[in-house]
Amino acid sequence: MTLSLGKRSLCLFVYLLVLDGVAIFFFTRGFLLTRTELSVFSECSDVSNCPSCFDRSLKCHTEDQQAEDLAANRPTSGLLIDSHCTHGLDEGAKNVAAGTSKQVNDFNEGCWTLPAIKKAVILIIDALRFDFVAHSRNFNGEPKPWMDKLSILQRLVEEQNSTARIFKFIADPPTTTLQRLKGITTGGLPTFIDIGHSFGAPAIAEDNLISQLQRTGKRVVMMGDDTWMQLFPTQFSMAYPFPSYNVKDLHTVDDGVIRELFPALHRNDWDVLIGHFLGVDHVGHIFGVESPLMVEKLKQYNDVIENVATLLKNMSEPGGLLEDTLLIVMGDHGQTLNGDHGGGTPEEVETALFALSTHHNSRSSLPESLKSCEVEDPVIGCISSIPQLDFSASMSSFLGVPFPYGSVGQVNAELFDLVARDAVSSTTHVEDDTVWSKASLTLMEHYKEVLCINSWQVKRYFEAYSAVAISGFPPQDLARLTDLYSTAQNINTTERDLFCSWASSTDESSRKATRQRILDEVQKQVEAFREYLKAAAALARSQWTQFGIEWMVVGLSFLIASVVIRAAALRRLSHSGKQRWEAGLFPTKPLLINSIGASYPIIMLVVLHPLLTRTPLQPVVTYIRDNLSIVVVCVTVGASVMAYLTSSPRSFSEKKFRTLANEQKSDHRKWSWDMEVDFRSIAATVFVILHGFSLFSNSYIVAEESVINYLMASSSIVYLRYSIKARSKIVQALCFMVLVWVLPRVQTLALFKGMKAVDSSGPLYSTLASRNLLLQVILTCTTVVLPLLVVTWILRCRLGRSHYCAGRLWKTVRSGVSISYFLIGVYWIIMDLTNTEFITMDDDMMKIVRLYIPRIIYMTSVVVVLATITAVIFSWARPGVEVASSAKLLIETGASVAAGSSGTILLLMGRRGPLISMLVILEVWCFLELQAITTTSGSTDLSDAEDERKRVDKIVQSFGATADWSMVALQLFFSTGHSCAFDGLHFSAAFIGFDDFGFYQQGILLAVETFGASHLLPVFGLPVIILLGQNLLRSRGRDDERMVITEVTKGYLWFGTLRAIIAVITTASVCIQRRHLMVWGIFAPKFVFDALGFLVLDVLVILATAIFLIFRRPKQHEA
């Protein structure tokens, strides 16, 4: 059976979708692999492998000699090393000797280290920016409205500077809640692919702080964000989870935490209490940081923290219920001013940690060399920074539980000094230099022992990881780490010799000097351990992901093959009207034969595997058997690619090839690109090259929006040149130039700054509108009513009265679109008036407005699109129809689908949607008007027939228009507030019309909002651009619908080729830059967005091809 040209086009696009999907799958398999998670858990008995950390190195006397020292009133080692400090080490050694892994139920018992606290209260404020906590005097400029609202934290530090500290808490991207919770509790670095688990995440299978607390008998109570239950479904002794995905719900989670928090503080059924607040995160997502609601939410938290701190103070007396309790207030990540997070910008990775110890005030014994200063506060002193990587190890040390097996963080020195110094303060009540030196030495010795265990744990993990992982850490890097570890351990010998010298000396001045030297040696060893841990963390950051180079190469090769196949298909379509070439557009038989033939030997090798044992082929066959499905897919797709590229027109139609042999001899263009290159094609090529090469730079990826705007402005100058040369449509060219400049700047206007996709307004908008009703009406009319009226007028009057959208189908579509736009206007008018409190509505009426009006708009869009498809199926061109009629019907279909879906897209774009839609449709209208100039200029002297033949034979005729249209699509993506980063996703748009979270409904709405304006509308609008540009509406040929199909297929192939080139460049860039510092913060998100957008484009092209070229009544003459 011979396939028609339209069906071959559809088969080709389906094949390209499969090829692109396989290519991206293979590349992501090699690039976005998660690290190997070891399912090993730390045990108390593990310390038997670390004898040096339990060596009481400063004991150089026997027990009899120590007794003599005491009788002679000479200091013993106990004055330097308080036995209380190392009790946990002795207990750990006893456990090792007994071969047990006991539970830690007593405060005086420890597993690896002595517990420094009995209980911990951890309050997590989701999306806590650093400037929410630090004083406004530490930031340049005028204080912002949201600053100094958590004043209780600053006051506690000022009043109790010795027992309360503020730290800058540095997160690792991606800065989403799930990845941050995983990193905080495991002490590891969650890899980029974990971003896919942000919804419906699986439980953490590797060792973590929560599991260690449970395994050692600690009772953990959690309340708040239900993400904790997904990660730790069975580890909590009590849990009060609240739904977290409804970002429009500002109070349910917070109110639930507050309701359960204070009763829990009065109970004695917990050791660690976790409260996770979500209000700040949700306010940021919906209203932005600058919203008055953010200030209210911060004030609410301030009252809660103040009450908790007061309660801790009152109940922390000796024997009290909250004695030796540590209060931690921290964020999991920050957020931008628009409330977004997920990327690696300073606003997103910088959050805060506040620590309050209920120990008695005591002087800090930490040497200055171990302190850091991130922010110099004139009142409270230096604010240091703590990586979130260090949280798990630090808390494990404070609570006396084993460090998580996969932790690569270190116990933070300043936090350790704040929490653990009370362990030595009982022997150092007199704060003079001599006693402080003793206290400092005692603290440093304790910290040294903790870092020794910390370093041993990291070293153990690195060795185990390298032994298990397919591609572990490089041997030379491991050797360097081993040298650092050995250096730190060897310092212990010098320290022991100095101590023995101090113990045997009777001269007080000599003993004092020796004691200072001992302190210096201990500090030197501490620095050595810290250097080792710092180097280990740096190595983990650079090598954490196992890049599968072979899979990345295969995936990139398939993507390049996709570009080449598109180019080959364009070449074959250049011989329009020659059916042997059109049959080569999708050679069915060669593809099937080669694909099946290539996979058959692979399957036979697996079947014959038992017979091939103990042969040289056994390793290969075993690998194929273990990865059969992947190998078969790889071989099959590879064979099909080779079949497509090597297939010859001779095999498509042998007889026709022979009968046309003479024609081919005279056709010197047989294997040539039949190009007529004009200035616009050259400019478009230059623009594509510039955009492509800019993607190799992380700076240009961040500034990609500016790059696209610059290229669009340059393109508008090219169109102005054509208009001036043709002395036609100069006004449209000037308008196009102005609109290209204005459109990207709408979202940056102060009037819209901070606006979200839901029922909210920006701060400046709210401030201006709240002054009087007249101003509110003016703002609403200019930003909502007027743009919607202009768009409706263009669709109903200008487009409806044109000669290519005057059919019954368009009349039906424009009625549905008018209804959608009217409801959108009603929706935003009511929201504006209610938000500024000029009108009030009861809850039932507001529910109708919030929920049911958006749903009616969604349903209207679905009905219009389905009606368009139905009309196309039953009303397509019949035999004998003119080319112009076919082109008109196809243009009307494309405009109908784009306009029908625009209602939903416009609503999801948010409050600025009407204004942006007006500018977009005006820009597109000017772009359409300019296409006739660029195609007719230079060919006005040709007859219609000559112009038609010349146009059909030129493969690059539609390249310039398609390249410019692709640039318009990219500009739409950025102009609607998106970016190639996860903080560019407008999650709040997914809740327009819904209060409850549903994975599929919110996922669909988020996808439509993200890719609707930049993918769906351009794909269905492309045939309009192509056919208008080719002037097929003026064609008088009959029975030549093949011409329309050819031009539309060319347009989609060019559009796909341009996007495929960008996908190849992005993929190659991320492959080359895989060890770049910003690979996870910039390059990887760019790859993910381009890859998903590329696949979405393939799917939409298939749908558009099916609607335009397949859903029609068959023609009798069609082959």
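Glycine too: its Cβ is placed from the backbone N, Cα and C atoms.
Annotations in TrEMBL come from automatic prediction, not curation.
Taken from TrEMBL, the feature transmembrane segment covers 12-32 (among others).
Within the chain, the transmembrane segment (551-570) has long-range Cβ neighbours (under 8 A, six or more residues past its boundaries) at 12, 16, 19-20, 22-31, 585, 634, 637-638, 641, 644-645, 955, 1050, 1053-1054, 1056-1057, 1060-1061, 1063-1064, 1067-1068, 1071. What TrEMBL lists as transmembrane segment is 551-570 (among others).
For 591-608 (among others), the entry in TrEMBL reads transmembrane segment.
Per TrEMBL, the feature transmembrane segment maps to 679-701 (among others).
Look at TrEMBL and you will find 731-753 (among others) tagged as transmembrane segment.
The annotation transmembrane segment is assigned in TrEMBL to 773-795 (among others).
The annotation transmembrane segment is assigned in TrEMBL to 856-877 (among others).
Tertiary neighbourhood of the transmembrane segment (889-909): same-chain residues 757, 795, 799, 804-805, 807, 809-810, 813-814, 816-817, 820-821, 823-824, 827, 854, 857-858, 860-861, 864-865, 867-868, 872, 875-877, 916-917, 976-977, 986, 989, 992, 1005, 1008-1009, 1012-1013, 1016-1017, 1020-1024, 1027-1028, 1044, 1048, 1104, 1107-1108, selected by CB-CB distance under 8 Å and a gap of 6+ residues from either end. Sequence annotations record features per position, and here TrEMBL assigns transmembrane segment to 889-909 (among others).
Feature annotation from TrEMBL assigns transmembrane segment to 915-934 (among others).
Feature annotation from TrEMBL assigns transmembrane segment to 1015-1033 (among others).
Among the features that TrEMBL reports, transmembrane segment is placed at 1053-1072 (among others).
Sequence-distant contacts of the transmembrane segment (1092-1111) (same chain, six or more residues past either end, CB-CB distance under 8 Å): 6-7, 9-10, 13-14, 16-17, 20-21, 24, 868-869, 872-873, 876, 890, 893-894, 897, 1007, 1011, 1014-1016, 1019-1020, 1022-1023, 1045, 1048-1049, 1052, 1055-1056, 1059-1060, 1062-1063. Annotation comment: TrEMBL describes 1092-1111 (among others) as transmembrane segment.
Among 12-32, 773-795, 915-934, 1053-1072, 1053-1072 has the largest number of CB pairs under 8 A with the transmembrane segment (679-701). Residues of the same chain lying 6 or more positions beyond the ends of the transmembrane segment (773-795) and with a Cβ under 8 Å from any Cβ of it are 751, 765, 814, 817-818, 821-822, 824-825, 828-829, 832-833, 836, 838, 899, 911-912, 914-915, 917-918, 921-922, 925.
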